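**Student:** Got these off TrEMBL a minute ago, pasting:
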type	residues	note
REGION	17-164	region 'Disordered'
COMPBIAS	32-47	compositional bias 'Polar residues'
REGION	246-294	region 'Disordered'
COMPBIAS	249-261	compositional bias 'Polar residues'
COMPBIAS	262-272	compositional bias 'Basic and acidic residues'
COMPBIAS	281-292	compositional bias 'Basic and acidic residues'
REGION	435-478	region 'Disordered'
COMPBIAS	453-463	compositional bias 'Basic and acidic residues'
REGION	509-529	region 'Disordered'
Amino acid sequence: MADTDAAKAEKIAAAKKRFEQLKKQKGKRKSSTAPASTAGETSKSPVQTEQAETSETPPPTEEQPVEEDAKESAAEAGGGAVETPPAETVDSDAPPLATPAEPESSDSPVASLGGAGTAAHSRAASMHARRQSTSGFRRPSITAADIMRSSNKSPLSPGETVPDIYRKQATTISELTESVERLEAEVERLKEKEKKLGEALVQKDEAQETLAGVKTELKEAVQRAEAAATEKKAREEELEKLKSEVATLTRQTSHLTSQISQKDKTISDLRLHSSSSSSTQDRESLTAKEDQIENMEMDISKLRGDLERANKSLAESRAALATAEGGVKGLEESQENLTKELEENKKKLDKAAERLVAEGAARSSAETKVTSIQAELESANATIKSQAASISSWEKDYNTLKTMYRDIDTKGQESQKKASALEKENKDLTTQVSELKKRTTHLESQQVTLKSGLEKALSDARRGTGSMPQDDELVDELEDDGRKRLEAKVRQLEQQLQQERSRWYTSEKQRLASVSAPPHSAHQHHHQHQQEFLDVDLNAGDGQHYPRGGGGNDHLYAAQVEEERKQMEAQRLERIKEVKRGLTNWKGWRLDMTAGGGYGVNFREMFEV
């Protein structure tokens, strides 16, 4: 009784603690969600508001099982009978399913995606904390030992039956199947989103490829511009060289023209002077000067040829300069075109960089959203697995309850049949014992009358003829034979009665053990108690028997059987003590062992005391 009271007190304290902790968690959840909802009402997207509403609504079935557990524990403390918890508490201990979020539109901005990811993360964290808090105080599943320990015959509560439990389990299974279908739809929606994300990644790869092509074209344009600039510098250097050559040639031509004019003047002067003078010396000088003039004319012709060649080279250099200037203009135009292309490529590069930044932000937001969705999916899969495990455990408990009920019914019917048969046998044995007692009393009365008649006859014979010792011995032998026969018959009947009583006691003990103890330990208890009853003297000669009462006197009858067993155990212990006390009389005796002879020859005692 003390153990059961302590167990009830512990159950009540655990139920109270669980109820208080769930209240605290509910208050914390309300206080944490209230300011967030008031502050972010204007900036939230419709998906975020729906997620906040789903996270703010507390599960409606969390407080009910705790209150029912508290009521059941209070009823157990007041009534004294340990009742098993109903199946509703096991159903309500499972974590509440998360409502799947509505699919978001593809035109929503990046900020709404980030907000949805954070809301999903907060909802997953709250679900994980709620699951941990409920799993810490989850009541274990119903076992056969809990049902068999209860004093009531049925482990169900008074208002519930097996169809009610089956109906509740069917409703919970239907709810779980609906939640599984809902989660499967959400998984399909997530797969579609994953396909869209894959398409976006393909588009991003294409954009990266185009950007790489634009970068290569830009590098080629820069290289062409650098090559054009180097060519322009080389052409400018060549143009400067040609200009310097033209200047030197113009200076040479001017110098040669001045020399030619001077020599023409000297020639004309010499001719005039030669015509005026007629002397020989003058002639000699004239011839010398003519030779000098011829030489000078030759030099002049050479200089004229050089001048012509210089003019030709000057014309060629001028033509080359014109062509170089045209090439420079073309290079300048190509450089302008290249600069324009470079600016356009820079603009394209800036646009591609902006596009890449936007795509990277969208990708990061999509990745965060995918991670949050994966976390939600994992949590949903975990809830599905836990619910499937709880369903399987409930089904196992239900099947064990069914089998236990069937076994208990069959055992009850068998015990009733055995009890009725044993009652009939007991009645037959009691009638036989009463008849035997009547016969023994009748025989004793006959023996007394015969004794009296024999004594009278002996006295008469002694009076007439003297003593007859042989007749006395014969009479004594007859009396001894009759007494021995009667004693043997009485002992046989007592043995039969003792066997029937022991059989009836063992069957009753087995029935009580099967009703009160769990099925796996009933067989062991049956063997133990059967061994105890076989070792105990059942006091067969007292003629007492305890008829079985009705269905309502089972506990009283069990108490009587237990008291009788205790008395028999005390008597057995007392007999053992008497035997031990009598062993003190055998102290000081010696046992002498002697060897025997061969087989069939010279048999002697094996030992002597």
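A Cβ is built for glycine as well, from the same backbone N, Cα and C atoms used for every other residue.
TrEMBL: automatically predicted annotations, no manual curation.
Looking at the shown structure, can you explain where the listed features end up?
**Tutor:** Residues 300, 303-304, 306-307, 310-311, 313-314, 317 of the same chain lie 6+ residues outside the compositional bias 'Polar residues' (249-261) yet bring a C-beta within less than 8 angstroms of a C-beta in it.
Outside the compositional bias 'Basic and acidic residues' (262-272), and at least 6 residues removed from its termini, the chain residues within Cβ reach (under 8 Å) are 286, 289, 293, 296, 299-300.
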**Student:** What does DSSP give as the helix, strand and coil breakdown of the compositional bias 'Basic and acidic residues' (262-272)?
**Tutor:** 11 helix, 0 strand, 0 coil
**Student:** Can you count helix, strand and coil residues in the compositional bias 'Polar residues' (249-261) using DSSP?
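**Tutor:** Tallied per class, the compositional bias 'Polar residues' (249-261) gives 13 helix, 0 strand, 0 coil.
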